[in-house]
Structure formats: structure tokens, C-alpha cells
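A.B. asks: Residues or ranges marked as topological domain 'Extracellular' by Swiss-Prot on the basis of similarity to another entry: 1-14, 73-84, 149-176, 255-260. Here Swiss-Prot flags ASN4, ASN159 as N-linked glycosylation site. For 15-37, 49-72, 85-106, 127-148, 177-197, 231-254, 261-283, the entry in Swiss-Prot reads transmembrane segment, with the evidence type similarity to another entry. Annotation source Swiss-Prot lists topological domain 'Cytoplasmic' at 38-48, 107-126, 198-230, 284-317. The disulfide bond feature in Swiss-Prot is assigned to CYS83-CYS165. According to Swiss-Prot, the feature S-palmitoyl cysteine maps to CYS302, an assignment based on sequence analysis.
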Amino acid sequence: MPVNSTAVSWTSVTYITVEILIGLCAIVGNVLVIWVVKLNPSLQTTTFYFIVSLALADIAVGVLVMPLAIVISLGVTIHFYSCLFMTCLMLIFTHASIMSLLAIAVDRYLRVKLTVRYRRVTTQRRIWLALGLCWLVSFLVGLTPMFGWNMKLSSADENLTFLPCRFRSVMRMDYMVYFSFFLWILVPLVVMCAIYFDIFYIIRNRLSQSFSGSRETGAFYGREFKTAKSLLLVLFLFALCWLPLSIINCILYFDGQVPQTVLYLGILLSHANSMMNPIVYAYKIKKFKETYLLILKACVMCQPSKSMDPSTEQTSE
């Protein structure tokens, strides 16, 4: 979309300001998430390892993606492949988030489906393999345009390799719509919705059976129900934040027109998702809220770190 290169509009100034604020909140919030998991041995379980992976992706969004998005919004003239690599980095961490969410959903499904065998199935080695696979897939999907699926035009004029860096100047929209969105965002979202539907179905059946069984079994599935609701909310917020921008990309691909302000709002909403998860954890997971408060108290009151030792309260894996 044409943008005046001689001056930065108020829309751009507002966009950049909000990007910076969102980035700072995302970094601080997700560093706290990792800190909480580190402080609480009861949270150092399979699910929370994947939550840490999600937090790392969100930190990367704040540290790398948002500054790069600002550079791209300004249309700075750089080499084609430098611009392309910047846009690819932005995609990598989006897919790292969706892969982490998928891993979390699969883990919760195994937790309620294979209650007895769960610990034997989710070994430390398999957890690390799953984490590695999540990030490997994210890098492969995000870097695909670097291997040829891009807007590069063959030309003998070397000057044409430098251009104002804009997302659509280097990134092909058929890649964004069919490969990135349909295949690697929409399909995993549908799969995760099906997984959570099955999780709630299993929990409901087990809870109904627990009335005639042990109280311990009922308590276990009650905790699993609360945990599943919290993680489903995280998934819902991801879909709510990312689908508008994906729909905008579809409109642009099919030659539709989208006002620059609407495009900025879509980008900001997608980036805002990176700062939402820490808030959800604090609101829905008691152990997170307690440790957030302990960390805040330690920072404000300058108390020694030993005062932040977590309580021995049990937490669902």
C-alpha cells in the first residue's frame, strides 16, 4: 500500500507507539511466566514446559518481531533478502506459538486419556523431542519463502535488489494464505478444538462415574477440568487475535482493498496476544497468581529471594 516516504503520518506514529508498549508488556509478562515456573517445582511438569516454550515465542515477538514490524512499517530501503528474512522471522514465532499450543493440547489429552500410563508415556526424552519438533517445524514453515517462494524477480539490474522494505513487496500472499494460514494455523486450530472437545467429553464421563467411585478420582478430574478450561481460554485468545489478520491477508490476496488503519489494527491485535497469556495464567491458575505476588513483593520490598520459595500446594500436571 502506498505510504508517504517523506513524513510519518499520525497513524504510523500511533501504531509504532502501541507496538512499543505491547512489546514491553509481552517481554515483562512472559519473563515472569518463566520465572514462576522456575520458582515452583510443582509447576515443572510437561504442560508447563510447553507453556515456557510458548512464553519464549512471545518474548521473541516482543524482542524481535515488533521492532522488525516497526522497521517494515517505515518502509526502510534495504536488500531484498534482508527484508525477506525479517518477515520470515516474524512468521517463525507465530508458528512456534501455534505448535506450542498444539503440544499443550496433546499433552492434556494424554493426561486424561492415559491416566495410569501418562508418566510412562511422557518421558523427559519425549518431552524434549516434542519441544525440538515444535521449533523445527516453526523454523521450516517460517523460512520457506527464503528458499524461493517469494516475490523476487530475476533481473540483471543489481539496483533492483534494494527496495523499500514492505511485507507485500517480498512475501507472496499465496504462501501466506494457503500454506501459512490454511495449512499451519487453521488446520492446527481445528485439530486443537477437536482435542479439547474430546478432553471435556472424557472428563465429564469420568466425573459422572466418580460419584460412585473414589473422592480422589473426582478431585483429579475436577482439577483437570479447571486446567483444560484455562488452556482453552489461551487457545481462544490466540484464535481471536490472529484470525482477523489472517482474514485481512485473504482479502488482500483476492485483490480486495483494506485501509491502512485496519491493517495496523489487525497487526496490533495479533501482537497483543503475546502479552495476554501471562494475564490469563494469573487469573485462572492460583499458583501463578500467588508467585506473581511474591515476585512483586520481593522486588518492591527488596526481600531476599528465599522468601519467594513456593508453597507445597499440589498442582495438576
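First residue shown is number 1, and so on along the chain.
Yeah, the Cβs are placed from backbone N, Cα and C, and that goes for glycine too.
Source: prediction; values computed, not measured.
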A.B. asks: Does the transmembrane segment (177-197) come close to the transmembrane segment (15-37), meaning at least 3 CB pairs under 8 Å for residues 6 or more apart?
C.D. replies: no
A.B. asks: Using a Cβ-Cβ cut-off of under 8 Å, list the residues of the same chain that are 6+ residues beyond the ends of the transmembrane segment (85-106) and lie near it.
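C.D. replies: Same-chain contacts beyond the ends: 47, 50-51, 53-54, 56-58, 60-61, 64-65, 68-69, 71-72, 130-131, 133-135, 137-139, 141-143, 145-146, 165, 167, 170-171, 180, 184-185, 188-189, 191-192, 195-196, 199, 231, 234-235, 238, 242, 270, 273-274.
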A.B. asks: Taking the disulfide-bonded residues one at a time (CYS83, CYS165), which has its Cβ surrounded by the most other Cβ atoms within 10 Å?
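C.D. replies: Output for this query is CYS83.
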A.B. asks: May I ask which of the stretches 49-72, 231-254, 261-283 has the most CB pairs under 8 A with the transmembrane segment (177-197)?
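C.D. replies: It is 231-254 that shares the most Cβ pairs under 8 Å with the transmembrane segment (177-197).
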A.B. asks: From the DSSP assignment alone, can you count helix, strand and coil residues within the topological domain 'Extracellular' (255-260)?
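C.D. replies: Each residue of the topological domain 'Extracellular' (255-260) counted once, the result is 1 helix, 0 strand, 5 coil.
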A.B. asks: Could you give the residue numbers and ranges of same-chain residues that sit at least 6 residues beyond the topological domain 'Cytoplasmic' (107-126) on either side and whose C-beta is under 8 angstroms from one of its C-beta atoms?
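C.D. replies: Same-chain contacts beyond the flanks: 46-47, 50, 195-196, 198-199, 202-203, 206, 220-221, 224, 227-228, 231, 317.
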A.B. asks: Which residue counts does DSSP give the topological domain 'Extracellular' (73-84) for helix, strand and coil?
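C.D. replies: Looking at the topological domain 'Extracellular' (73-84) with DSSP, the answer is 7 helix, 3 strand, 2 coil.
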A.B. asks: State the mean pLDDT for the topological domain 'Extracellular' (149-176).
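C.D. replies: Across the topological domain 'Extracellular' (149-176), the average pLDDT comes out at 81.
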A.B. asks: Looking only at residues six or more beyond either end of the topological domain 'Cytoplasmic' (198-230), which have a C-beta under 8 A from one in the stretch?
C.D. replies: 47, 105, 108-109, 111-113, 115, 280-281, 284-285, 316
